[in-house]
Amino acid sequence: MDRESNLNRAETFSFINPWIRYFLFFFSFLFWVFSLLIVGIGVYAKVQKATTVRDTFLIDPAVILIVVGVVMFFITFCGCIGALRENIRLLKTFSFTLTLVFLIQLVIAVLGFFHSDQTRDALGKFVKKAIVHYRDDLDLQNLMDYIQKEFKCCGWNNYTDWSWNLYFNCSQENPSSERCAVPYSCCTPVPGELQTVVNTMCGFGIQTQQSQEVDGSIYSVGCADRAVLWIESHLLLVGALTLGLALPQVTSSL
């Protein structure tokens with residue numbers, strides 16, 4: 001009788017609190033499924049591309065989705081299976097990688113805050129590549145259009161940055177029909193005009209005009225200044241999002 005009770009106690013013994021175990025499993029399983037979805041979207045976007053530009057590989061949104069999804073899959077797989085099977089080695093791997101990711105994010109945030117000029121230059125290089133290859137990569141094109149429409153900006157410093165692009169370049173030697181133009185996403189909406197109708201020629205010839213002359217036609221402010229203004233006016237939201245991303249990582253890694 002004592003032997004049977006000891007065996008039953010050994011079978012039900014757990015190194016992990018059941019509530020923590022089930023919470024960790026649910027949390028990891030949820031993000032594990034989400035990581036598979038991210039990888040699937042990234043692979044689909046990459047496959048659907050007709051061409052691949054080598055210079056944009058590292059800033060390709062599809063590649064970024066795949067990399068982030070694979071990293072998330074590895075971390076959450078360790079947490080999910082480790083919690084389910086009470087595998088201490090997998091749980092230690094989960095805790096270590098999650099702590100490492102959190103520390104990397106923390107270092108990036110601190111460096112970005114104390115070295116804002118260098119951070120702005122680094123982001124400027126990213127945006128410059130996106131502008132240069134605007135017509136070569138559909139994902140970058142959609143990303144730039146979304147950023148400019150949402151932040152109501154044009155270019156990185158100002159609208160003349162679009163001369164970096166081969167098609168929008170404002171030099172006399174440029175034979176493109178879009179010479180000295182800016183994308184339609186830079187244009188301000190016309191009151192009373194249907195939003196479903198897109199005037200893709202609204203930015204033609206804009207780069208030849210002064211900033212005072214284009215204020216009513218396009219967003220003359222660069223996205224760099226708009227991003228700073230947005231962060232300053234949404235500090236509470238930015239702090240809440242940062243805390244929301246950091247809290248699950250900290251609690252899961254403990």
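Placed from the backbone N, Cα and C atoms, the Cβ positions cover glycine too.
Keep in mind that TrEMBL annotations are predicted by a computer and have not been checked by a curator.
According to TrEMBL, the disulfide bond annotation covers Cys153-Cys186, Cys154-Cys170. The feature transmembrane segment is assigned by TrEMBL to 20-45, 57-84, 96-114.
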Cβ contacts under 8 Å made by the transmembrane segment (57-84) with residues that lie 6+ beyond its boundaries: 16, 21-22, 24-25, 27-29, 31-32, 34-43, 45-46, 49, 90-91, 93-94, 97-98, 101, 126, 129-130, 137, 139-140, 143, 252
Site with most surrounding Cβ atoms, counting all protein chains shown within 10 Å, from the disulfide-bonded residues Cys153, Cys154, Cys170, Cys186: Cys154
Cys186 (disulfide bond) and Cys154 (disulfide bond), distance between Cα atoms, whole Å: 5
Rounded distance in angstrom between the Cα atoms of Cys170 (disulfide bond) and Cys186 (disulfide bond): 17
